[in-house]
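Read through the structure below, which is laid out as structure tokens, and then see the notes.
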Amino acid sequence: MPKAASPSSAFQHVLDETDEEIVGWHWTGSDEFSALDDRRDAPPVPLPPLDRSTRVVLVRHGQSTWNARNRIQGSSNFSVLTEKGMEQARAANKLLEGWNFTRLFHSPLKRAAQTAEIVWGGRPGASSQLASLREIDLYSFQGLDKIENRQKYPEQYVTWQSNPAHFIIDNHAPVRELWYRASLAWREVLGVGGSSNGSASGSGSSAGQADGATLVVAHNAVNQALLCTALGLPPAFFRRFSQSNASFTVLDFEVQGSQESGRSSGSSSSSAAGSSAGGSSTVGGSSAGGLRVRVERVNQFPDKPLNPSKLGKSLPNRLVLIAGSTDSPEVQASIQMLQSVGVTSPPLIGIGSAAQQALDIHTAMQAALSTPGDGRTVVAVACAEACQRMLGDCLGPVDPSALAEEQRLSAAQVGAAFCMAEGGMTIVNWPQGQSELGRGTVLCVNYQLPAAGLPLICT
């Protein structure tokens with residue numbers, strides 16, 4: 001890895017750091033990243049063509065000191081991992097210990113660099129620090145807590161919460177800039193962009209040219225942008241895919257016609273059709289070289305989904321999709337896990353064609369959203385294709401201005417990009433007051449239970 005502060009000195013800083021360190025700090029119009037000229041309110045650049053299939057695993061850093069204090073970090077570099085954050089990183093290392101990684105990329109910010117060191121675990125191979133993987137640039141918002149932001153920037157704060165793709169601060173559009181920067185990061189991670197915005201160390205094959213997977217350790221917002229730009233989803237999808245501390249998300253870039261196509265997805269039993277990306281920002285666009293992007297899982301975190309500690313003060317309405325057959329041990333293990341965290345709703349069992357199963361789930365979830373009150377959970381066991389269709393419905397149209405038939409097509413293409421293994425759980429939340437089915441927030445996709453005997457899928 002690039003040389004950084006030793007773990008002992010960095011972790012001691014966790015104990016010594018106080019908020020007084022940033023008293024008087026404010027955005028001055030430039031910082032150490034300004035010279036990179038990557039803060040552009042411009043469309044993402046296409047994914048690069050690849051000569052072989054490859055897998056990329058995105059990991060968010062563990063809890064930081066500012067996460068714990070509910071302070072907005074952005075691309076500032078004051079916060080470091082807490083003791084809990086180090087424990088989360090070690091748990092992620094344990095979950096990924098059987099994976100064959102041959103290349104590491106990580107953000108230059110301390111909280112991500114520390115997580116990368118722990119998760120990488122001394123593996124051989126090349127490692128690179130990429131400035132394009134830093135967290136979203138939030139300018140004058142950085143360093144403030146939510147109460148301070150509401151008081152100091154009331155209008156901007158409302159836009160940031162309700163319509164982040166159109167949020168403007170200090171004459172910058174942070175979310176749209178982030179989408180552009182994430183597309184630049186993909187060119188580096190997939191082995192095209194050289195080393196113009198980072199530093200490298202170690203030895204090993206270039207990303208996209210090795211038999212193993214590539215590990216990327218970064219942040220919440222930039223990992224969302226990496227996932228969405230890979231799928232051709234616009235900045236309006238910001239905050240639609242959760243990225244919990246120390247969680248990981250797996251993407252497979254499959255070169256159509258290659259003998260290796262599909263191999264990188266391991267033993268996944270998904271029937272996902274996938275989505276093309278690269279030549280167009282629209283889901284389903286073709287790319288030179290026939291690149292298809294499949295998402296093997298989203299937000300696999302070290303502890304159980306729906307852990308009571310994750311639920312917060314208010315309970316959202318929720319859909320839990322379990323892919324597979326009710327008599328399979330994997331599905332039964334997932335149902336038992338739900339029961340262990342207090343989800344006792346009897347599951348809706350999919351019957352008939354995939355389209356009919358998805359329609360039945362759609363009807364049940366829409367009824368739950370239309371009923372006054374919150375905290376309702378619909379659990380459904382259905383075939384993989386039905387789960388994919390329903391996920392697409394929950395995400396809604398890529399372009400709301402398109403014709404209804406085009407909206408349905410784009411939603412189906414989005415859902416088909418996600419793998420659904422036997423027993424894999426997909427959880428979608430709707431916050432209080434949200435009754436529109438196509439505005440769900442994805443907690444996880446294809447979450448798997450290693451403790452139940454399900455092997456983590458490795459290359």
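Residue 1 is the first one shown; counting continues down the chain.
Cβ from N, Cα, C; glycine included.
For Gly62 (substrate binding site), the same-chain residues lying six or more positions away in sequence with a CB closer than 8 A to its CB are Leu81, Thr82, Lys84, Gly85, Met86, Glu87, Gln88, Ala89, Ala92, Arg111, Gln114, Thr115, Ile118, Asn245, Ala246. Sequence annotations record features per position, and here TrEMBL assigns substrate binding site to Arg60, His61, Gly62, Gln63, Ser64, Thr65, Trp66, Asn67, Arg111, Lys146.
In the structure as shown, the Cβ atom of His61 (active site, tele-phosphohistidine intermediate) sits within 10 Å of 35 other Cβ atoms. Annotated active site, tele-phosphohistidine intermediate per TrEMBL: His61, in sequence order.
The local packing around Glu135 (active site, proton donor/acceptor), expressed as other Cβ atoms within 10 Å of its Cβ over all shown chains, amounts to 25. The active site, proton donor/acceptor annotation in TrEMBL covers Glu135.
Residues annotated as compositional bias 'Low complexity' in TrEMBL: 259-285.
What TrEMBL records for 259-288 is region 'Disordered'.
Within the same chain, residues at least six positions away from Arg60 (substrate binding site) with a Cβ under 8 Å of its Cβ are Thr115, Val217, Ala218, His219, Asn220, Asn223, Gln243, Ser244, Asn245, Ala246, Ser247, Phe248. Among the recorded positions His61, Ser64, Trp66, the residue whose Cα lies closest in space to that of Glu135 (active site, proton donor/acceptor) is His61. Looking only at the binding-site residues Ser64, Trp66, Arg111, the densest Cβ neighbourhood within 10 Å occurs at Arg111.
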